[in-house]
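These notes concern the structure reproduced below.
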């Protein structure tokens, strides 16, 4: 696919993400799970966590699109696009769960998307190995915060738990795939910067 075609594909993806019309390619893992009895505080907490997870998937779409756009290797570009497609499943699942909880996505999604796309572009310009290293570190941090959510979500919120469990499994697989393609380890200082930015995003998106 030529660069102009990839650019058009990116704009199409961005519009779908921003408009909330993403469609999952796989069944929702919570589709056949009974909804638990949540009180108002538990419902608000679950919604806050799932909003954070939805923002994470908005950022994932931007990151993978940017990195795929500027990847040098066709094989690496295809892997990034494949991972991005699976992340779009997560986007659809978390959006659906937010609706079920009577809540909404983050009001700052355009800002999160733009920032993540810029970050992905910078990572891609450093070369494929470093870009893949960025994927590995991103997925490691995302998997860690998803596992924290598994402990923080109300035990009776079986639907959210089912979604987060599948997301965690997928993130680990994406990180392993990037590592197998020759990822270069992200320097410790960059890892700390990524963690700091993620903390700002998660603490803000929980409410907004």
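Including glycine, each Cβ sits where the backbone N, Cα and C put it.
Given the structure is predicted, the values throughout are model-derived calculations rather than measurements.
Site annotation for Fe cation 2 in Swiss-Prot covers 87, 171, 174, and the matching candidate from 137, 139 is 139. Comparing the Cα of residue 174 (Fe cation 2 binding site) with the Cα of every entry in 57, 87, 90, these being the binding-site residues, the smallest distance points to 87.
Same-chain neighbours of the Fe cation 2 site beyond 87, 139, 171, 174, judged by a C-beta within 8 angstroms of the site's C-beta center, are, in sequence order, 60, 83, 86, 135, 138, 142, 143, 170, 172, 173, 175.
The number of other CB atoms found within 10 A of the CB of residue 90 (Fe cation 1 binding site), across every protein chain shown, is 26. Reported as a whole number, the C-alpha separation between residue 139 (Fe cation 2 binding site) and residue 90 (Fe cation 1 binding site) equals 14 Å.
In sequence order, 57, 60, 61, 64, 170, 174 constitute the residues six or more apart from residue 87 (Fe cation 1 binding site) in its chain with CB-CB distances below 8 Å. Secondary structure at residue 174 (Fe cation 2 binding site), taken from DSSP and collapsed to helix, strand or coil, is helix.
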